[in-house]
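Participant: Pasting a structure below so you can have a look.
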Amino acid sequence: MSRPTRHPALLGLAGLVLLALCLLAGGWRGAMASYLAAWLVLLALPVGALPVVIVAERFGERVKARGGVEMLAGLRRLMALMPVAALLALPVLAAAALLYPWVREPAHTPLAALWFTVPFFVARVIAYVAAWTWLSFRFARPFDAPGEGRTVPAVGLHAVIGTLFVTDVIASLDPRLDSTLLGLLVMTAWSGLAFAAAILLAWEEPEPVGRGRTAPGRGRLVPLVVLLSLWAYLHFVQFLIVWSANLPPEVAWYFARGGWLGRALSIVAGAVVVLAGLATLRPGRPTTRILAGAAVAVHALEMFWLVTPAIRDRFVLRPSDALAAGGVACLAAALRPFLRPRADRAASAARRAGRPA
């Protein structure tokens, strides 16, 4: 057996072992909650990169002139994970009856009797993931010329799909929070996570310095700061609305995500946003990469903060969470060589040959 074949097999075996240990550590329901959160982190990479790439396609030459070629290549590498994320959604669909409370509750309206059923839930999630997969293939390679006819409908489709997906998959886990902001908040978090991951993945390229030019690192730091700031603002607005309304179910939703760990995550997240903003005054490539790594960690933990308290009624990190994260990462790495889109393989070959992707 050759090395390229053996390594994915070993990674796949390691992933299955980790998920089996996750099941033993957390039980069926707890393990599936951990798996769902870990899968959402994986899904955030291609889905979060997608709108950034679409918007970059709209501005075409401006992005290239500002040194964004390698960043776009990194974002497209993340978009190539969409088929892997789609395949790893199967356990989530299989465990829907374990995870979602509406399975065990009577429907109050005829529409709810149809909408909140496992077969229709599975069909909707498959449709969402299929649409994202199609969009990721559609924008896998740069177009010859920018055009609003492609980008505007694609952004609109992504926004609609993302809002429905977050409502179905995340919000319905814990219906105590009735928020119309949650979809936009999660999509912003995903784009922040993907952009930060792309900073860590992208090759460094020389950036012009001098009069009228940007300082090294600023071209990547400023968009990250914008995404982090928007994400923090949406969190603040949602919390302010809940605090001012003072509705017991929504307050209970936040209490379940409080505790020492929840407060610590909030403090660290706020510190990352503030430090990223201050770093724009004196940007540098090492500083940008450090902040990107911190942003990836914060957004990844946020997925567990959103999901696991719906099952545990408090935000705690358990061994099943780490095991699920490791298992999903290993399976994704094992499946990626077999599920890479043709455009991503061609772009990788071009980079290895020293040609622009």
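Placed from the backbone N, Cα and C atoms, the Cβ positions cover glycine too.
Heads up, here are the entries from TrEMBL:
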TRANSMEM  35-57  transmembrane segment
TRANSMEM  78-100  transmembrane segment
TRANSMEM  112-135  transmembrane segment
TRANSMEM  155-173  transmembrane segment
TRANSMEM  179-203  transmembrane segment
TRANSMEM  224-245  transmembrane segment
TRANSMEM  260-278  transmembrane segment
TRANSMEM  290-311  transmembrane segment
TRANSMEM  323-339  transmembrane segment
Participant: Count the Cβ pairs between the transmembrane segment (35-57) and the transmembrane segment (179-203) that lie under 8 angstroms and are 6 or more residues apart in sequence, then report whether there are at least 3.
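Facilitator: Result for the transmembrane segment (35-57) with the transmembrane segment (179-203) is yes.
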Participant: Go through 112-135, 155-173, 224-245 and flag the stretch with the largest number of C-beta pairs under 8 Å relative to the transmembrane segment (78-100).
Facilitator: 112-135
Participant: For the transmembrane segment (260-278), which stretch among 179-203, 290-311, 323-339 has the most Cβ pairs under 8 A?
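Facilitator: Answer, by Cβ pair count: 290-311.
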Participant: Under 8 Å between C-beta atoms and at least six residues away from its ends: which parts of the chain pack against the transmembrane segment (224-245)?
Facilitator: 177, 179, 181-182, 184-185, 188-189, 191-192, 195-196, 199, 251, 253-254, 269-270, 272-273, 276-277, 279-280, 288, 291-292, 295
Participant: Please indicate, using numbers and ranges, the residues of the same chain that are 6 or more beyond the transmembrane segment (179-203) and have a C-beta under 8 Å from a C-beta there.
Facilitator: 41, 43-49, 51-52, 70-71, 73-75, 77-78, 158-159, 162-167, 170-171, 220, 223-224, 227-228, 230-231, 234-235, 237-238, 241-242, 250, 288-289, 291-293, 295-296, 299-300, 302, 306, 351
